[in-house]
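The next block holds one structure in the form of structure tokens; read it before the comments.
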2 protein chains.
Amino acid sequence: MTALPDLAAIEAMDAADGLRAMRERFILPEGLVYLDGNSLGVASKAAFTELQAAAAEEWGQDLIRSWNTAGWFDMPLTLGDRVGRLVGAAAGQTAVCDTTSINIYKALHAAMALRPDRTIIVAEAGSFPTDIYMAEGVVSTRPGASLRLEGVDAPEIEDLIDGDVAVVLVNHVNYKSGELRDMAALTQKAHEHGALVIWDLCHTAGALPVDLDGAKADFAVGCTYKYLNGGPGAPAFVYAAARHHGAISQPLSGWWGHARPFAFEKHYAAGEGIRRFLCGTQPILSLRALKGALDIWDEVDMAALREKSLGLTDLFIALVEEKCAAYGLEFESSREREKRGSQVSFRHPHAYEIMQALIARGVIGDFRAPSTMRFGFTPLYLRYADVWRAVEILEEILRTGAWQDARFAVRSAVT
Amino acid sequence: MTALPDLAAIEAMDAADGLRAMRERFILPEGLVYLDGNSLGVASKAAFTELQAAAAEEWGQDLIRSWNTAGWFDMPLTLGDRVGRLVGAAAGQTAVCDTTSINIYKALHAAMALRPDRTIIVAEAGSFPTDIYMAEGVVSTRPGASLRLEGVDAPEIEDLIDGDVAVVLVNHVNYKSGELRDMAALTQKAHEHGALVIWDLCHTAGALPVDLDGAKADFAVGCTYKYLNGGPGAPAFVYAAARHHGAISQPLSGWWGHARPFAFEKHYAAGEGIRRFLCGTQPILSLRALKGALDIWDEVDMAALREKSLGLTDLFIALVEEKCAAYGLEFESSREREKRGSQVSFRHPHAYEIMQALIARGVIGDFRAPSTMRFGFTPLYLRYADVWRAVEILEEILRTGAWQDARFAVRSAVT
């Protein structure tokens, strides 16, 4: 970026934004600049409409009959295919169910069962912690298995992959820095050593285009309540490449994954394809809100989404670095577009207090210990003018030292 | 029961029913006799009010802040304690999370880890199948472990318990017959052999009083969308007796069960007490509907509930046996009140078709393969007059052979 745009130029960018009309679909609290869609995406009118129908009509009136008449029984797979389209998965490879943590557990077991002569799981010390915790849980149930961590056993994950590695569990976009990995290259590297890869797409799905099939990914998991806007704690998704389907086994072998769930057989027999990742009864109301959120995505062009995402983060980085240069912020993300997700982080010794001051002034981002301020940019409902406003408020907080009052207020509230 | 009441006497029973006012709290579709609350409980005004607040205000307006301000983060334990009160669990021993299937997996692993020198899981061939399937999943991850099944390896579960048994997984009320086990006696029998017991309370919670603590149960799991009316697929619950808390481990070790979930530590450290059964992010909208449903239960006297439940099932059995004696129904439940849950089953060679005819006439029960008609009686919203009406319609279907048309209609609809 050569010269920074002024507010008039920024408003012109909004006026020319091809995704501009999307903002009308969402429920945006008055006066808020919400830069936390990477933690909990905002509600939409479509999600509320579906939720209302699910509650009042399907549960309230049709009751048990809705398992068939409202398609409840098929939802994990029908919604799975719709999420799959957004992450480059052809139909029949993606299911929506359970939580990201539990889907990691299933995928890790499935991958290790496909590589019975290998004992090593590779993961990242810098991943969202539940990925490591679930890998530790899998290791606890597989005698001889162990974990190698990027950031502990070697600086780069590529250096940990060898012929002993069964599976690499890796985040596509780092939850903290927003750094984006090259999916095709790392998958190929793992495959060269005979290892499989599970991609964690929590901070990717709905934020940028992904091509799981094209990258020859083996498994993927991810979250639907961040950029996909499915609602708080909406069920997660799990992907398994079709070439593995015949050989997949995983120990969370509940009724919904059975080949004949209504035959009430006395032994488990895994269903076909991605169905064998299903386990127990899913939270229908939460699934139906997600269905509404996905209706919006049917109209979104992912290339345009990515272009706007990069436009928003480019602008945020440039404005912060110009206007807040004097206040000791340390840029934690990547300047290279191809290495950047849809979020930007800055470190500061008083990151926690500054974020509290931002939130008190209607700019909502996230603090991540020990010293990161994380700002997520959701292209569907954010405007370039919102970026401008967020930086204006950040600059004011830093210039006036208002975060020191925030710190006091927060500490008072805790004691 | 000596002489059968007539309709006038039945209406007098309803007029004298101490739980009568409870019916007003629920949303009951016009003209329906709903005898399937043991599959999916009906909606309530309170559940809809909470769901609406969770969607419109907490998600819609407060967004990420609701994790603290609306108590989202504490819900698995605050709701757990409220379910705990209904099953005889003192506070701090029950969590609401995930699904019954997944909670069985956790509890089985936890129990086997407490009995490391033992290898056997005892379960029931006649249980709801997911219990067996999950036990098979646990066995698949524990070398040397195996399964003994009541109904396969011996006719009675008591005969399968010996010093090799780590844990007995058993249903309190059988999903099909409604037969009720003696919790205290079976738990004591298991303990005499050094085995632990997991009670599956899916068809118990909200149907009759239970005393998990008094029976010295070790673990329990159960469902909140049947008699508790929490909504379709509402998250399940898991109980662990406080005396086991210090030593519990289970492999679904996700972020929410961590001792310090917001410290983002690089290794799992199990939280205190029942918290260590939590794993991933829960579906908040579904949890909030459950919260509304539980508000109603705060006012319910469980002894009165049980008395009415037995009154309803006594009446149904007596009326069916008198009015439908000529049509080949085979009683599948227990005549002894202390061995009966809140449901009654009859077998018939054409059970499927008869149930379809009942449903077409607004009497909703369940068919369970191969030949069971299952009728659930929810004391909070059913009247004695509903029982009368259901039997009148059943008698008419059997007398006229109308189920033969139903069979034809159903087959046409399928092809």
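Glycine residues also receive a Cβ, built from the backbone N, Cα and C atoms like all the rest.
All annotation found in TrEMBL is predicted automatically rather than curated by experts.
For A:T100, A:S101, A:F128, A:P129, A:T130, A:D131, A:D200, A:H203, A:Y225, A:W255, A:T281, the entry in TrEMBL reads pyridoxal 5'-phosphate binding site. Taking Cβ-Cβ distances under 8 Å and a sequence gap of 6 or more within the same chain, the neighbours of A:F128 (pyridoxal 5'-phosphate binding site) are A:N171, A:Y175, A:D200, A:C202.
In the three-state DSSP classification, A:K226 (N6-(pyridoxal phosphate)lysine) falls within coil. For A:K226 (N6-(pyridoxal phosphate)lysine), applying a Cβ distance below 8 Å and a minimum sequence separation of six or more within one chain yields A:G37, A:N38, A:S39, A:L40, A:G41, A:C202, A:H203, A:A205, A:G206, A:A207, A:G376. Annotated N6-(pyridoxal phosphate)lysine per TrEMBL: A:K226, in sequence order.
Of all the binding-site residues listed here (A:T100, A:T281), the one with the fewest other CB atoms within 10 A of its own CB is A:T281.
Across the residues the record lists as binding pyridoxal 5'-phosphate (A:T100, A:S101, A:F128, A:P129, A:T130, A:D131, A:D200, A:H203, A:Y225, A:W255, A:T281), the two Cα atoms farthest apart are 30 Å from each other. Reduced to three states, the DSSP call for A:D200 (pyridoxal 5'-phosphate binding site) is strand. Non-local neighbourhood of A:T130 (pyridoxal 5'-phosphate binding site): A:T100, A:S101, A:I104, each in the same chain, at least six residues away, with C-beta under 8 Å from its C-beta.
Sequence-distant contacts (6 or more apart, same chain, Cβ under 8 Å) of A:Y225 (pyridoxal 5'-phosphate binding site) comprise A:L40, A:G41, A:G231, A:P232, A:G233, A:A234.
Among the recorded positions A:T100, A:T130, A:K226, the ones whose Cβ sits under 8 Å from a Cβ of chain B are, in sequence order, A:T100, A:T130. A 10 Å cutoff on Cβ-Cβ distances gives A:D200 (pyridoxal 5'-phosphate binding site) a total of 28 other Cβ atoms nearby, all chains included.
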